[in-house]
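Copied from TrEMBL, the annotated features are:
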| type | residues | note |
| --- | --- | --- |
| SIGNAL | 1-22 | signal peptide |
| TRANSMEM | 46-67 | transmembrane segment |
| TRANSMEM | 79-100 | transmembrane segment |
| TRANSMEM | 120-141 | transmembrane segment |
| TRANSMEM | 199-219 | transmembrane segment |
| TRANSMEM | 263-285 | transmembrane segment |
| TRANSMEM | 291-312 | transmembrane segment |
| TRANSMEM | 333-352 | transmembrane segment |
Amino acid sequence: MASKLISVFFILLSFSTTPVLSVVSEECEADSEDSCNNKSKALPLKIIAIVSILVTSMIGVCLPLVTRSVPALSPDKNLFVIVKSFAAGIILATGFMHVLPDSFDMLSSSCLKENPWHKFPFSGFVAMLSAILTLMVDSLATSLYSKQNKGGIVIPEGGAAAAAQGDQEMAVGNLHGHHHGSISMKDGVGGAQLLRYRVIAMVLELGIIVHSIVIGISLGASNNTCSIKGLVAALCFHQMFEGMGLGGCILQAEYKLLKKAVMAFFFSVTTPFGIALGIGLASTYKENSPRALITVGLLNASSAGLLIYMALVDLLASDFMGPKLQGSVKLQIKSYMAVLLGAGGMSLMAKWA
């Protein structure tokens, strides 16, 4: 008798849960029937987004490059360090407050299977692997460039001040002797630092491009007019100041004009390209489908790990532990305030985007 009652209970339970599962599946595969969802009204907003984000991205990334003639904004001035710290705070907050939380939300969605997506924190795991991989690329690229340019000799940043003093003393000593034996700053410490700046600029641009395309596709594929308006304003702010951070790195890398133009161009067009791609995929792309959630979620996690590493290690730590900031407590405090201001402003943007 008891076994019959148990079997009847499980049969009734299966009938009651089947409709619920089918409803969840339908909700995941179909676009939500919201009053804000309007494809015809969303398209003009997306066109405005492409133009406005393109313009603000170009302004942001080109501003450090065109202000080289302004003495106060040259890379060796205090104001440049403060502005760069502000931009680094924005990049750090982008990773922590925007990209990584989005990845957690996507990979923990009820539209994904319980096993394995709800059993393991894939977002944190992928972000960690991405940070380690970025470290590997950063380190190996620096070593390879150093070997190609200086016969494999790498002068650590921690010893930059001492090495600089040694180079200067050697150069002065050689002025009284043989000029061909002098060691220039460009070939020594300056050359090593220049290589670091070039690696940082390339790796940072790679990370920014990946997450910019993902953001663009999400915006372009969405037909929610209510969310697009706030997202466009937030992205314009984000792209401008993130571009300033990247532009500062490109400026310090001392690339030729053509390479500077190419890097600035790719940064400027990636988000608009992603939006255009999202518009083209709008009919087939379903933001709540398992395939979209997994793909975008994993890409966001990898971008977050890269951006967090670059902001903390290559932008903030290298500057704050460098001789310029270590030699001035007042400049350190100003730079910390700039970091907090940039990170705080970008964190506030998370309310809308």
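Just so it is clear, glycine is given a Cβ too, placed from its N, Cα and C backbone atoms.
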**Request:** Please indicate, using numbers and ranges, the residues of the same chain that are 6 or more beyond the transmembrane segment (120-141) and have a C-beta under 8 Å from a C-beta there.
**Result:** 100, 103-104, 107-108, 199-200, 202-203, 207, 297-298, 300-306, 308-310, 313-314
**Fill in**
Counting Cβ pairs closer than 8 Å to the transmembrane segment (263-285), the top stretch among 46-67, 79-100, 291-312, 333-352 is 46-67
